[in-house]
Each structure stands twice: as C-alpha cells, then as structure tokens.
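Colleague: Quick one: this structure, given as structure tokens, is what I'll be asking you about.
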Amino acid sequence: MKAVILAGGLGTRLSEETIVKPKPMVEIGGKPILWHIMKMYSVHGIKDFIICCGYKGYVIKEYFANYFLHMSDVTFHMAENRMEVHHKRVEPWNVTLVDTGDSSMTGGRLKRVAEYVKDDEAFLFTYGDGVADLDIKATIDFHKAHGKKATLTATFPPGRFGALDIRAGQVRSFQEKPKGDGAMINGGFFVLNPSVIDLIDNDATTWEQEPLMTLAQQGELMAFEHPGFWQPMDTLRDKVYLEGLWEKGKAPWKTWE
C-alpha cells in the first residue's frame, strides 16, 4: 500500500526555519520530521511513498537525491573524482516526489497525485508535520473491515483543535471547538479509497472542509480511535518539545530500532 504525504505548506508559524526550507524538512534529532513520519510507516511494511511537494520542494528533492550524503560518513577522493560511502544506511523505500504547486490547498495537492493511486484498492494519507505512536497496520485492517470509503484517526488534542462528533465509530460532523475535555479530533492519519478524490474540485479545495464533510454526511467516514501519543509540529514550541523527547530517548513515535 502507498502512503501519500503532504509536504508543500509554508509553515509560517515556524518561520525561523521555514524561510530556507519547507516545514517537513525541519529537523527533529538531526533528521527531517518527514523522515520520522516515513519511518513510522516503514516499520509497518509501507515502502512506497508519494510526497506532495510545493514550497521549496527542491530541498526535499535534494535530500533524497543525496540520501547517502545525509545519512552516512563519506570520503571524497578529490584527485580521482570519486566518493566513497562508509556504513551505508539505506531504507527500502520507493519515493515519488511530485510538484503539486506552491499555493495549492491540501485537497488540491491530493488531487494532483491521483494518477499514482487510482488503481489501488486503498492508500494512506497524512500531513508532513506530525508524529504519533500509531499502529498503522491496525488502521488499515480497520478500514478494510468496515468497507466505507474513508478512515481517519481520531485522537485527543493538545488543546487547540476543533472536535469530531463520533457515534458508533462513524464521524457524523465536525465542530469548530471541542465540547469539553475528552473530545477527540482529526489526527490527520487517513486510509482512503481512491474514489474520495472525486470529491475534490480543484487546487483551491481544502481536504478538511468540503470533501471530509461530504464523506461524513454520506456516512462514508469512519474513525479509528487512537488514545496514545499524537503531536503536530505547528510552532517552535512544538518543535522544542519533540526535540526534547528525542534527545531524552523518550520519543513515543520511535517504534523502530
């Protein structure tokens, strides 16, 4: 199964770093948060990734084009015009980088990569700025079992997100503000049937608005409830928090060796 990751946003609340790189390339523990997200999927057997590039997308392309340089020790034999890579660290990934426009909204970016998932039974979809100790395989199994078009991961918020109205596992509506403590939110990790892309009109469509709301109204949106760790990296404070967890060896999303 393929995983589509949005990686084209500006990241204005992390402007100290995103002035020179896209938000998914902001580092946690010396590696881009995009890498952390891909490792989260990879540990569950996901090897095919489609990255929706936009703002400063060339930075992402350069990273993967020179992956050995970023991940390994190297010796440059200058007179021989040769590079020797030591202790190669390679991932079993197939990474497709797609330019989805500098100003496209989240739905527009997904629509632009439709050709890469159109023949699949289902695919995974997430944002390039959040991590969780999520059981990816369990979300896939849940999606296959209920037979609806879309599954989102419902989680508990740090405190500033709109809430979901979930009844018997089905998302009935979105609410601008939580009803109170205990309300779950859209955690941004999806399992989708390709047909949901038909609900996206154009580049200006926001995935979290019309498409998701329509799926909820049609009874085609189910919630996989994740009570564990979940944390987006929206602000510098979020980055510092995640960096601290990583440095202390207490990063809950690190389920790989």
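Even glycines carry a Cβ here, placed using N, Cα and C.
Annotated substrate binding site per Swiss-Prot: Leu6, Ala7, Gly8, Gly9, Leu10, Gly11, Thr12, Arg13, Lys23, Ser104, Arg109, Gly128, in sequence order. What Swiss-Prot records for Asp129, Asp234 is Mg(2+) binding site.
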Colleague: Taking the Cα atoms as reference points, how far is Arg109 (substrate binding site) from Asp129 (Mg(2+) binding site) in Å?
Modeller: 15
Colleague: Quick one: pull the CA-CA distance for Asp129 (Mg(2+) binding site) versus Lys23 (substrate binding site), whole Å only.
Modeller: 7
Colleague: What does the structure give for the C-alpha distance between Asp234 (Mg(2+) binding site) and Lys23 (substrate binding site)? Integer Å is fine.
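Modeller: Between the Cα atoms of Asp234 (Mg(2+) binding site) and Lys23 (substrate binding site), the distance comes to 9 Å.
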Colleague: At a 10 A cut-off on CB-CB distances, which of the binding-site residues Leu6, Leu10 has the highest count?
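Modeller: Answer returned by the neighbour count: Leu6.
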Colleague: If you run the three-state DSSP split on Leu6 (substrate binding site), which class comes out?
Modeller: strand
